[in-house]
Amino acid sequence: MSGGWDESKYVDNGEDEVVRQVSEPSVEEPIEASVTRYRSDEEKLDDKSSGAHVTEKEAEFDIEGGSRETSQWKHFLNVAVAGVALMSDGYCSNSIGTVITILRKLYPEETTHNKSLQDIGMIAYVGTIVGQLSFGWYSDRFGRKNGMITATIILIVSTALCTGAYGYKGSINGMLSALIAYRFFLGIGIGAEYPCGSVAASESSNELKSGLRHAAFIVVTDGAIDFGFVVGALVPYILVCIFGEHHLRIVWRLSIGLGLVIPCVLLPFRIAMKDPKTYVKHKVPLTKIPWLLVLKMYGFRLFILCLIWFVYDLSAFAFGLYSSTIVDGVLPADASTARSFGWNVLINTFYLPGALLGGVFSDLLGPKYCLITGLVLQSIFGFFMSGFYNQLVHKIAGFCVIYGIFLTLGEFGPGGNIGLLASKTSPTAIRGVYYGIAAAIGKCGAIAGVYAFGGDQVRNYFYAASAMAIFVAVLALLFVPKLKQTCIEDEDKRFIQACIDAGYGNPYNYEKNEPEQLEEPDRPPAFNPFLSATFSFHHIILC
């Protein structure tokens, strides 16, 4: 009797969970056997809810009474709605590189000896860091859904302001300054997407079938960023073909303004969605978390992930931002703007297969070894480009293909897997803060790359990027943990047990491997006017 799975003890409550029927142990059954039965049934209930054990009947219908295939698509839609807004990051990062090229051609006198264009490319990263750090706390405190809605609204407003940037009395320098200011707030919205959208996507992917969870996360986050990169290169090219070389002012404004499409489409879906079940189940007030224990358990792991993300973004975002400039340096001096943008589009399409293949192999090899494989292969192609750069620059087609493969391997390895590792190597209670810190340090690397790779020493840049890829691969091999399909549940259980062993108790308000105990209902607290006023104040603020 003890240790077996008994379907009669579980009933469908019509909602999202299976509820275990409470039954008293029989007279013949000793209390020790009852506890053992409870533990075994509870473990199998966890396995059942996570999809680890699926009966033939459950293979056709899920616990909500619908098709299991339909349920999987519903869960994937939740993952997509949470993560796909990162397309704005890729679009804004890449389209602004093309916009900078246009502004340099339109206003050579105002931009030749002025750092405004470089600041336009950099300032969004500063705002992104602010958004990542602040909304990391916000998403853990107020919920993933609230954070995503706020981030979407910020993206819509700031993108509209960037599109209509205008200087006082038509001043070009004033327009550039306004563009810098607006892109800072755009960066905050983009940064908010990381600890809100990406974290929600990782938690929602936990509801998918085992074997698809890593791929789903990478496709809707890194794949979305890469698709944004491609669209960010394609849109200016199409606009130049439509309006011509003599109407570049409308080209750069529309290139920015079309970035409104993504957040506007996503906003109603995000309003309708719910917080991931994992977050709802394991939400803990930040004041109740034993931060010293968290630092001891996750401090070094977070440091390694931050270092890897920093080094990767140091080259990755710089190459993305300056890809059109790099192509300009390879093309003849009399090449048209449309031709330059066209080759830039071709190069950026190589991002997409890297993200898709990276998602597939992340489930097959595991995120750790997929990351290492991509880094090693990328370094090989980088050293090749450095050694044969003088020959490649005279053959634009060959240069673009080799350069594109270099970018593909970057997305295959660290591009998708570093975000996956950051979102699934911490407990749910601190996942937003943990992920936000790692992503913010990565963006610091992107800022450093904007300045370090902003010159014309392209050959040396490939040398440096390849050497850094080898360094990151060694770090990952030595210190990055292996992740299983059940890594989110495993990390929560590990954190619970560590809190109990350290004497802090269970932060999630249930004891591992302990039977349920009947407790007397708590008496209602006495009326406290101060607490009542405080609650009313917080209620007004939140509303």
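The backbone N, Cα and C atoms fix where each Cβ goes, and this holds for glycine too.
Residues or ranges marked as topological domain 'Cytoplasmic' in Swiss-Prot (evidence: sequence analysis): 1-82 (among others).
Swiss-Prot lists 1-63 with the feature region 'Disordered'.
The feature compositional bias 'Basic and acidic residues' is assigned by Swiss-Prot to 1-12 (among others).
Look at Swiss-Prot and you will find 38-60 (among others) tagged as compositional bias 'Basic and acidic residues'.
For the transmembrane segment (83-103), the list of distant contacts is 111, 117, 120-121, 124, 128, 148, 151-152, 155, 159, 176, 183, 186, 189-190, 193-194, 197-198, 200-201, 217, 220-221, 224-233, 235-236, 248, 251-252, 255-256, 259, 262-263, 266, 317, 320-325, 328, 337, 340-341, 344, 348: same-chain residues at least six beyond its ends, Cβ to Cβ under 8 Å. Swiss-Prot lists 83-103 (among others) with the feature transmembrane segment.
Here Swiss-Prot flags 104-116 (among others) as topological domain 'Extracellular', drawing on sequence analysis. Taking DSSP states H, G and I as helix and E and B as strand, the topological domain 'Extracellular' (104-116) has 8 helix, 0 strand, 5 coil.
Here the transmembrane segment (117-137) has Cβ contacts under 8 Å with residues 89, 92-93, 96-97, 99-100, 103-104, 111, 147, 150-151, 154, 176, 179-180, 183-196, 286, 317, 321, 432-437, 439-440, 443-444, 446-447, 450-451, 454 of the same chain, all six or more residues outside its ends. The annotation transmembrane segment is assigned in Swiss-Prot to 117-137 (among others).
Per Swiss-Prot, topological domain 'Cytoplasmic' is recorded for 138-146 (among others). Across the topological domain 'Cytoplasmic' (138-146), DSSP helix (H, G, I), strand (E, B) and coil residues number 8 helix, 0 strand, 1 coil.
Sequence annotations record features per position, and here Swiss-Prot assigns transmembrane segment to 147-167 (among others).
The transmembrane segment annotation in Swiss-Prot covers 172-192 (among others), and the record cites sequence analysis as its basis.
Listed as Cβ neighbours of the topological domain 'Cytoplasmic' (193-222) (distance under 8 Å, sequence separation of 6 or more from its ends, same chain) are residues 50-52, 72, 75-76, 78-80, 82-86, 88-89, 128, 131-132, 135-136, 138-139, 144-145, 147-148, 150-151, 155, 275-279, 355-356, 358-360, 362-363, 367, 411, 415-417, 419-420, 423-424, 428, 431-433, 435-436, 439, 483, 485-486, 488-489. Residues annotated as topological domain 'Cytoplasmic' in Swiss-Prot: 193-222 (among others).
Residues or ranges marked as transmembrane segment by Swiss-Prot on the basis of sequence analysis: 223-243 (among others). Outside the transmembrane segment (223-243) by six or more residues, the chain places 83-99, 102, 250-252, 254-255, 258, 262, 320, 323-324, 337-338, 341-342, 344-345, 347-349, 351-352, 354-356, 359, 411, 415-416 with a CB less than 8 A from a CB of the stretch.
Remote same-chain residues near the topological domain 'Extracellular' (244-253) are listed as 98-99, 102-103, 105-106, 163-164, 236, 336-338 (criterion: CB distance under 8 Å, separation of at least six residues from the stretch ends). The feature topological domain 'Extracellular' is assigned by Swiss-Prot to 244-253 (among others), with sequence analysis given as support.
Marked as transmembrane segment by Swiss-Prot: 254-274 (among others).
For the topological domain 'Cytoplasmic' (275-301), the list of distant contacts is 16, 78, 82, 137, 140-141, 143-145, 200, 203-204, 206-207, 425-430, 433-434, 479, 481, 488, 492, 495, 498-499, 502, 504, 507-508: same-chain residues at least six beyond its ends, Cβ to Cβ under 8 Å. Taken from Swiss-Prot, the feature topological domain 'Cytoplasmic' applies to 275-301 (among others), supported by sequence analysis.
Per Swiss-Prot, transmembrane segment is recorded for 302-322 (among others).
Nonlocal intrachain contacts for the topological domain 'Cytoplasmic' (138-146), taken as residues 6+ away from its ends with a CB within less than 8 angstroms of a stretch CB, comprise 82, 192, 195-197, 199-200, 203, 270, 273-276, 279, 283, 286, 429-433, 436, 542.
Taking every recorded stretch in 254-274, 341-361, 369-389, 396-416 and counting its Cβ pairs under 8 Å to the transmembrane segment (461-481), the highest total belongs to 369-389. Between the transmembrane segment (433-453) and the stretches 147-167, 172-192, 254-274, 341-361, 396-416, the greatest number of Cβ pairs separated by less than 8 Å involves 172-192. When averaged over the topological domain 'Extracellular' (390-395), pLDDT in the model lands at 79. With a cut-off of 8 Å on Cβ pairs spaced 6 or more residues apart, the transmembrane segment (341-361) and the transmembrane segment (369-389) reach 3 or more such pairs and are scored as touching.
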